[in-house]
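Undergrad: Take a look at the following structure, please.
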Amino acid sequence: MKCFLFPLGDKKDEQRSPKPVSPTSNFSDVNKSGSDFSPRDVSGTSTVSSTGRNSNTSMSARENNLREFTIGDLKSATRNFSRSGMIGEGGFGCVFWGTIKNLEDPSKKIEVAVKQLGKRGLQGHKEWVTEVNFLGVVEHSNLVKLLGHCAEDDERGIQRLLVYEYMPNQSVEFHLSPRSPTVLTWDLRLRIAQDAARGLTYLHEEMDFQIIFRDFKSSNILLDENWTAKLSDFGLARLGPSPGSSHVSTDVVGTMGYAAPEYIQTGRLTSKSDVWGYGVFIYELITGRRPLDRNKPKGEQKLLEWVRPYLSDTRRFRLIVDPRLEGKYMIKSVQKLAVVANLCLTRNAKARPKMSEVLEMVTKIVEASSPGNGGKKPQLVPLKSQETSRVEEGKNKKVLDGAEGGWLEKLWNPKNVRAC
């Protein structure tokens, strides 16, 4: 799944920032490159979020407890960035497994993931600064924790690194792919949907400033040792709109298949863009398919276009459910989750629900599907061992409670939805 960036010409309502100041004392040489998200950008301006609260001042007032590492520290932690310890690689650079001392108990070590950003000039620097600024001041059980950072000159030039908590169970994308030796059970998929909704709700609505993720996708949802899902990779995140503005205008960046249609067409970014991406992700969980897969037959390459004909007939609806589940799910649970996806995929961005409303709907589905389990996280099933305008709360509840033939299609009018 490739990322994209296309400029949209002159963006007159783009928020402008003063020249940045390095987040680390030894990174002054890079300041000339500029960034929208440096600490001075946060503290030296007075923009206010769409909720009417002072976004940047609120961010700067939050305590930043990030550790500052040296290149030497991280070489030691990763065995000199050993290829055998590489756990991820992409356009951003490479990610290595490592260990660092536990500050609370120096006799113990903790596992970490060290992201070494590639040399992509200004864009790479901006993404590094964005992650430091955002993840340095936010904390939530469904966001991957940033532990520290490093920005330092060595013989190869300026090195930019980020140190995260280690997520041993990889990404949701991996477990939905044929590469995975295990299958995410339906109950676990529901929990992942709930965890992801919690993370987005926190970013959009639970702070005194709003963060728009902008690159919500299954590969950016990681799983910890308890299979709790956490959002990761905030390099493309943006602050929400300032007062009097309905959106943030910006270059269109993200991942093909997840980006909201109005964002692609106009470059106007709102939190409802993330809601669209969440709807696409729900259909990934249901079908086990990627949003855009060129290896599929022509009529099946775009996920949203492929599922559309099956939504008008509840008997045929089963045909889009991930066959690796082998029928081990309650069909009404799947159908109700599809209703949530359809609400998120409403063509009119203003009519999409807020993430807090989405979270409430998904939570009800989880509770109905897993009664009496004591809140325990469902487990994986090894593949080889398997046997076989704004939506109102009242309307959302009615939609979820009614599951008769044709309702799926009625909620998602094919004329109003276009696959990206």
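A Cβ is built for glycine as well, from the same backbone N, Cα and C atoms used for every other residue.
Since this is a predicted model, take the numbers as computed values, not measurements.
So Swiss-Prot lists these for the protein:
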COMPBIAS  22-36  compositional bias 'Polar residues'
MOD_RES   Thr70  phosphothreonine
DOMAIN    81-366  domain 'Protein kinase'
MOD_RES   Tyr164  phosphotyrosine
ACT_SITE  Asp215  active site, proton acceptor
MOD_RES   Ser219  phosphoserine
MOD_RES   Ser249  phosphoserine
MOD_RES   Thr250  phosphothreonine
MOD_RES   Thr255  phosphothreonine
MOD_RES   Tyr263  phosphotyrosine
COMPBIAS  387-396  compositional bias 'Basic and acidic residues'
Undergrad: To the nearest whole angstrom, state the Cα distance for the pair Tyr263 (phosphotyrosine) and Thr70 (phosphothreonine).
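TA: Here the two Cα atoms lie 39 Å apart.
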Undergrad: Can you tell me which modified residues out of Tyr164, Thr250, Thr255 are within 10 A of the residue listed as 'active site, proton acceptor' by Cα, answering none if there aren't any?
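TA: The modified residues close to the residue listed as 'active site, proton acceptor' (Cα within 10 Å), listed in sequence order, are Thr255.
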Undergrad: Given the modified residues Tyr164, Thr250, Thr255, state which is nearest to Ser219 (phosphoserine) when distance is taken between Cα atoms.
TA: Thr255
Undergrad: Among all chains shown, work out which of the modified residues Tyr164, Tyr263 has the most CB atoms within 10 A of its CB.
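TA: Checking each of Tyr164, Tyr263, the winner is Tyr263.
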Undergrad: Return the member of Thr70, Thr250, Thr255 nearest to Tyr164 (phosphotyrosine) in space, with distance defined Cα to Cα and candidates limited to these modified residues.
TA: Thr70
Undergrad: Let me make sure I understand the structure: which of the modified residues listed (Thr70, Thr250, Thr255) has the fewest other Cβ atoms within 10 A of its Cβ?
TA: Thr70
Undergrad: Have a look around Ser219 (phosphoserine) and count the other CB atoms within 10 A of its CB, chains all included.
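TA: The Cβ of Ser219 (phosphoserine) has 20 Cβ neighbours within 10 Å.
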Undergrad: Using Cα coordinates, what distance in whole Å links Thr70 (phosphothreonine) and Thr255 (phosphothreonine)?
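TA: Given the Cα positions, Thr70 (phosphothreonine) is 32 Å from Thr255 (phosphothreonine).
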Undergrad: Enter the number of other CB atoms within 10 angstroms of the CB of Asp215 (active site, proton acceptor).
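TA: Step by step: centre on the Cβ of Asp215 (active site, proton acceptor), count other Cβ atoms within 10 Å, giving 21.
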Undergrad: Taking every residue in the domain 'Protein kinase' (81-366), what is their average pLDDT?
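TA: On average, pLDDT over the domain 'Protein kinase' (81-366) sits at 91.
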